[in-house]
Amino acid sequence: MEKREDLNSILPFLPLFLRSSTLFWPSKALEALKALALGPAVSRVRSGGVLFDAILDLRDSLGLSSWELTPRTASGYALFFDEMMSGMDSRVWFEEVVPGMARLLLRLPSLLEAHYLKSDEMFGEGKAGLRFMGPQEPGLVFLNQELIAALLSCAMFCLFPTSDRDVRCPPIINFDVLFASLNRNGKHCQEQKVRCLVHFFERICLRMPTGYVSFERKVLPRESSDHGVTYPTSANWSTSTVPLCSFEVFSSGSIEDQPHEAIEVDFANEYLGGGALKWGCVQEEIQFMINPELIVGMLFMACMEDNEAIEIIGIERFSCYMGYGSSFRFVGDYLDNKPYDSIGRRKTRIAAIDALCSPRMWQYEVEGLVRETNKAFCGFLDQSVYKRRLKVISRRYNDEFPNATCYIYPARNFSKQRSRENTHTMSTGISENENRSEVEGNSDSESSQVMDSQDNVGIATGNWGCGAFGGDPQIKSIIQWLAASQALRPFIHYYTFGEAALQRLEEVRQWILLHGWTVGDLWNMLVDYSDQRLNRKTHVGFFAWLLPCNKPNDVPHTSEE
């Protein structure tokens, strides 16, 4: 184990020790966990205050006492478990859940060792094991749900080391800040966030889930590469002939409740999870509370750069909720009935993409448009789908033009029409008929294998980068349509959440589809509008500018000029 680069990269962030190829708890920590595992008759832990004292003892046994927890953490644990929680629920927590978490932590060393063996067996040595994933390091971490539950138990007991961290490091996932934020007259949403997390532990102690979750860091290389799609330029977007995918507008409903097989967009912070374990309570933070397994990604994923996204597949939802922001409320248990894929992951897919924060007028600059469109494109793209489709397109194209060269977007040279010369170029214009024939099956054996479950996965999204981030909702809706289409996703389902600026989104959708525009056509319209906006030739929103006549109910987005 000592020679494993993956383990050595994450070990400084874990509360375990490694010696003679064995992971272990120090003896004092081991004894303390054994006492907790035997229940309050032995541990004497029957209240929030005593639980926090036990946590301090555990931290001291791990050499963590010199790094103090957030002030008021002790009062937060006492307030929640002794006052905010009902007497019956409190008894269950201390008599059943806390001992169950302690037993899980006792198994953490063996769970980790088994994890590395399993990930090597499934993906190859060092390819998917738990490790620190820094910027520009694409790759996968593949974890079982029991290991995730054990790591989250460490967070509840505040056992993760907090020293020797720099700006590249992931955020600290101990729960001390969250508990310290609790007070009788404070934000009720903080209490509700804790209720979601406590409910997660209650559930896993009743019945441990047995599935798997993958966390993938996705990178669009800046330089040309033979190994996949590279970071597109404005010229690449401008000349794309890819047809726009299906776009459906929903004025009600939520992304996480959508019934279709789709990637659910996480309106992420550059640091995965954002303020989930602090004071935040908007889209990303709520997603992390009702799906607590997402929190584990915060342990090993460094902040995202402009050409990066994070995709999580397999998480289980545990909680129902209502409200948003200060009105957020935990309202009960949620039974997740989504099916599993061939490697044991639930068919729940999350794409974490971070938008520009407070972009103001820069969001209309070409560089700003490219950055945001490429960020969404990175999150929506499946490189393997591109590669398989390229084989089909190349074969068909070369059958027609034996001396031609076929490029898949984003190659550095494009032609909107096929050249009549000996060398031809084309972008990934896969026609609807070709898509349909591949889905329904094709007599060609290679073509019939092109489409798999990922090929039918669309995008479920909404007002990404708007609200607190200050983005233009009209621009962001179009950007995501462009990105989903270029990523060859079959559809995008857009939830407007009652945003006034998007009242005419359905009308705009119909107008664009009526004209049969491609990705390049719509991109060029977006650039033309943005240029006029920057040069003060127009002050209306994109929708009013695009449609043939303005209507009095149009609500243009307002930015600080």
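For all residues, glycine too, the Cβ spot is worked out from N, Cα and C.
Caution: TrEMBL annotation is automatic and unverified by curators.
According to TrEMBL:
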type	residues	note
DOMAIN	86-217	domain 'PARG helical'
DOMAIN	235-503	domain 'PARG catalytic Macro'
ACT_SITE	D266	active site
BINDING	N269, Q283, Y324	substrate binding site
ACT_SITE	E284	active site
ACT_SITE	E285	active site
REGION	418-451	region 'Disordered'
COMPBIAS	440-451	compositional bias 'Polar residues'
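Feature map: annotations from TrEMBL on the structure.
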{"residue": "D266", "record": "active site", "Cβ neighbours (10 Å)": "28"}
{"residue": "N269", "record": "substrate binding site", "Cβ neighbours (10 Å)": "21"}
{"residue": "Q283", "record": "substrate binding site", "Cβ neighbours (10 Å)": "24"}
{"residue": "E284", "record": "active site", "Cβ neighbours (10 Å)": "23"}
{"residue": "E285", "record": "active site", "Cβ neighbours (10 Å)": "22"}
{"residue": "Y324", "record": "substrate binding site", "Cβ neighbours (10 Å)": "16"}
Candidate nearest E284 (active site) in space, where candidates are the recorded positions D266, N269, Y324 and distance is Cα-Cα: D266
Distance from E285 (active site) back to N269 (substrate binding site), taken between C-alpha atoms, in Å: 10
Max pairwise CA distance, angstrom, over record-listed substrate binders N269, Q283, Y324: 17
Helix, strand and coil residues within the domain 'PARG helical' (86-217) as assigned by DSSP: 72 helix, 13 strand, 47 coil
Whole-number Å value for how far D266 (active site) lies from Q283 (substrate binding site) (Cα to Cα): 7
